[in-house]
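> One structure coming up, written as structure tokens, with questions to follow.
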Amino acid sequence: MHFRAITRIVGLLVILFSGTMFIPGLVALIYRDGAGRAFSQTFFVAVTIGLMLWWPNRKQKHELKPREGFLIVVLFWTVLGSVGALPFLFSERPNLSLTDAFFESFSGLTTTGATTLVGLDSLPKAILFYRQMLQWMGGMGIIVLAVAILPILGVGGMQLYRAEMPGPLKDNKMRPRIAETAKTLWLIYVLLTIACALALWGAGMSVFDAIGHSFSTIAIGGFSTHDASIGYYASPTINTIIAIFLLISGCNYGLHFALLSGRSLKVYWRDPEFRMFIAVQLTLVVVCTAVLWGAWCLQNRNGNGQSGVLPGGVDGDNGGLYHRQHC
């Protein structure tokens, strides 16, 4: 196993990730929320770590084997989650412990959606945007983005792609070259994000919240910019938009590519994975609706004014977005 070649690629990936700090840094400048320093500090730390890994091994170029691809992905996600925790540590608000900062970072990048933060509505906009961006990058996988870029630097991406992508999608080459496949996946991902953001904005969300919630919706993560999540808006329209885009994002992106390539909508129904996916979702909707409706009726009969949780997304997709309805 070529450990120095592996270290070189991990270093390049960390340098690539450091560049993403400019985006929340720009948000901090726009809103003047005082969080910009945390992202500039993270940028310099990440670049330093990346250069320390890459520079001594810059001439180590070897063809990657499958097991080396898997090791790179594991190492990179470990390093990335650690570096991703730095803005939470450097920022004055929120004042997180080391454990909580790491938890928040890994939860975002893995699109788990669990959080240690409270008082989201009072946090700096840049920090809120960064949380949403972490989920968005983790949703498709920054490794897949790197596969599209690294060939420019002389790094093959096939083994990275196969190690990163789940299920049958790893064997579905939409384009002749794997880098082109990665670019196509990210193009579809970006287009869905833009469409979701525009729909949410049109439904009444602010531009900032529409972008933030489109990130977590398309990533199927569940982070929100408000403590009340989408219940903050109490809007059935917004709930419906998010549920629809969660459903779309949960589908095989190879099917989306086929549709964009001129195939008919029938391509979805011909896919057995899609049919099973829809069947599971419909079953969950029926079961959840029955349970929640029964709970609502019971509370009304008992005169209980407690809150019942109504679905605000596609539960089987781990969307994590919800709202509360007072009964």
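Quick reminder: no glycine exception, Cβ is built from N, Cα and C everywhere.
Positions annotated as transmembrane segment by TrEMBL: 12-32, 38-57, 69-90, 136-163, 184-204, 241-262, 274-296.
For each feature listed, report its degree of burial, its nearest neighbours and the pertinent distances within the displayed model.
With a threshold of 8 Å between CB atoms, the same-chain residues lying at least 6 positions outside the transmembrane segment (38-57) that come near it are 4-5, 7-8, 10-19, 21-22, 24-25, 28, 79, 83, 86-88, 90-91, 126-127, 130.
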> For the transmembrane segment (184-204), what are the same-chain contacts with Cβ under 8 Å, counting residues 6+ beyond its ends?
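Here the qualifying positions are 136, 139-140, 144-145, 148, 174-175, 210-211, 213-215, 217-218, 233, 235, 237-238, 241-242, 245, 248-249, 253, 256-257, 260.
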